[in-house]
Amino acid sequence: MANVIVIGAQWGDEGKGKITDLLSRSADMVVRSQGGVNAGHTIVVQGQTFKLHLIPSGILYPDTECIIGSGTVIDPKVLLQELAQLQGFGVSTENLFISQTAHVTMPYHRLLDKASEERRGKRKIGTTGRGIGPTYADKSERIGIRVVDLMNPDDLREKLEWTINYKNVILDKLYNLEPLDPQSVISEYLEYAEQLRPYVVDSSLKIYDAIKKRKNILFEGAQGTLLDLDHGTYPYVTSSNPIAGGACVGSGIGPTVIDRVIGVAKAYTTRVGEGPFPTELHGEIGELLGDRGAEFGTTTGRARRCGWFDGVIGRYAVRINGLDCLAITKLDVLDELKEIKVCVAYELDGKICHDFPSNASEFARCQPIYETLPGWQTSTSDCRTLDDLPKPALNYLKFLAELMEAPIAIVSLGASRDQTIIVEDPIHGPKRALLHANGEPVSITND
């Protein structure tokens, strides 16, 4: 039995979908604990591409139960579209379960999200416009609509009539937008409720029952560490907690049941939206990374900003999440480069900085300090063991492991399941001790 959290160690889009899909083969249950339709993951199986936003990656395994946990925010229309997409490809959805305490994204959330972002002007955050922030804001303000409310028509009518009238004042007076018709919204969401009713459960209880039965449970994170509301590049963050601790809160389980935490990071760095990005590349190499890596957001379609690997934020992710091991993805994207740079520290106001600064204005002033490594200029997409890799590629991985102070358990070399090197068992491998504590440098594995 193992309970494992998979999180993003950068700004999201690290390839968590593929890694979770791979690990789901050994999982009895996959749990999505936070975020909403602002996060997307792409899975390629036998040439078929699945792009999902809410449904966990494990849904493609017929015997794996999938939970959309209480920390998520659910757009019923999008969720039903995903269900229809999967069913259209012959994928069973009978093992999907939705937390009754998850919050629901409403039409006014989307309107307010877009209007607020537009009103910010130069101070915009770069949101997806899907209503995620306003949904979480209502949750904190304690006026949110939860899935359990959808299941009770009388409660839903009472709550929505009051809430929509309240939101209409803001839409009209602050943003000069047309007010919503409460009865139209109520009718729409009552229809969604009936379609989703068979999937709704007490998710915390269901997860706990699986823990007591010593099942293998995979907790699938959305977005990435540097987008965390408390520990990310605030204010250019999401509205939830994508770090490992957030998986426990958003699933309704205690931290003592977690056995391992796996961090997923690209072999380079990308970011979507606004905010500081010290290693960002604006020229030919940045374009090459974007083209070879197909760096366009699953949710928004926006081009991702690309840059060199940032070891400073990598070490920060290891610390904040207590990572036991790493999965490095898209190594093959670097195949054509003659040399590769890695950020090992920052220069901040004339001083060397080895740690991530929590102040956004300081982070924006950070200049990367690079070490340059030789490239390999040969294809790695068909490599299936470390021995298959060109020596410079292997040395690059060793450098990243030592820089981040965490062993590498998985190396991904393409979108397909088989384009993967399993270095060590990522689920049942050893717990990570404090690396370097005994004076010994970390290598690719803990051996």
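The backbone N, Cα and C atoms fix where each Cβ goes, and this holds for glycine too.
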What does Swiss-Prot list, out of Gln48, Gln223, as binding the same IMP as Asp13, Glu14, Gly15, Lys16, Asn38, Ala39, Gly40, His41, Thr128, Arg142, Thr238, Arg302? Gln223
How many Å separate the two farthest-apart Cα atoms among the IMP-binding residues Asp13, Glu14, Gly15, Lys16, Asn38, Ala39, Gly40, His41, Thr128, Arg142, Gln223, Thr238, Arg302? 34
Candidates Asp13, Gly15, Lys18, Ala303, Leu331 (recorded positions) - the one closest to Gly40 (IMP binding site) by CA: Asp13
Quick one: of the binding-site residues Gly15, Thr128, Gly301, Arg304, which has its CA closest to the CA of His41 (active site, proton donor)? Gly15
I need the least crowded one of these binding-site residues (Lys18, Arg302, Arg304), counting other C-beta atoms within 10 angstroms of each C-beta. Arg302
